[in-house]
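Asker: Got a structure for you, questions after.
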Amino acid sequence: LKKRLEKCNQDILDYVEEFRDFSKMVLSRLAGLNNYKAEVKSEVENLLTRIEQAQRDIDYFGSVTDSNTCIEVHEDLVKQQLFEEAEEKEKLKLMLNASCDHVLAGVKSLKVVKKTGDKHGSWMKDPGKRHAKIYLLNGPVNNVILEFANIMTFMESNHTLKARRVTLPFAWEGTGHIIYQGFLFYHRYGSLNEIIKFNIQKRNITDQMLLPGAGRIPAYQLSPSTKIDLAIDEQGLWAIHAEPETGGNIVITKINHITMAVEHTWDTSCNSKDAEAAFMACNTLYVVYNFPSGGTSRIQCVYDVLEVVNTYEIPVLHFPKRQGSHCTIHYNPKEKQLFAWGDGSLIIYKLLTKKKV
């Protein structure tokens, strides 16, 4: 038993020694692994640094390439826009008949045709018809047109007895309506921007349209009842109005009077503040201004849609021989005259014109 115990003790000592040798070997290998780990970590960090540098180089060269590409694209866009604008101007000249070559040089009073005493209204001839009929549309809101055979009948004291009465299905708003080629074009009362085309002889509505952007503010500050002012010149039907987005500046729209479609729109530099009326003549807008208390009406803002006229060189043109204001001024391209309604007086102004330069 003693020998067996000695042998067990010796075996244990041998195992302990072997374990110590194994532990030393393991610790030695672990130390080597730690050194290897440090080396690997250092190499990985170096590689990451090089990758980051390469990414910065790639981003830089990419930004330079994109910048050059953007410059080329922007130049192409500018060229394309200039080309399209030139094409658009040519189309407008064709549409608006660039042979219309006169510009207003002066206004002189021809006659006061009649006095009604009514402050608001509109009167006119139909420049698209050969007849001599006169049309009277009284008041800022009404639905009855009075048609007279000629101006002599209209001037008679009992003129309303000899008038043909035409009742509209919907009333008009303001005094900006116009009659052209047998149709009345007017802003429908109670609507924001609906324009109605009414056949006077057949007494029915033939078409209507909505005029984008119009109807929210008056076309002219001094004529607040008129939100949309319709006009006729040598090229047909136009709409004149103001918009809040333009700072109250006047906007003009060319309308195809047959299809009632918008053909083109221009934002003008003419403001509606202190304006009382406006009219179109030969593709050019003339805005009439006055004082809030009344005075001598004057044209002091002109806008040529074809940019033929240098509007800044046109002097201020005054309406002669009267003090007061106008609620309506319509140009008749057939007679080259203005039909105006001023403080209850129905007036015809004769125009002086000159060639566009």
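The backbone N, Cα and C atoms fix where each Cβ goes, glycine too.
Keep in mind that this is a model prediction, so the values were computed, not measured.
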Asker: Need the cross-check against TrEMBL: the disulphide partner of Cys100, picked from Cys270, Cys282, Cys301.
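Answerer: In TrEMBL, Cys100 forms its disulfide bond with Cys282.
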Asker: Going by a 10 angstroms cut-off between Cβ atoms, which of the disulfide-bonded residues Cys100, Cys282 has the sparsest surroundings?
Answerer: Cys100
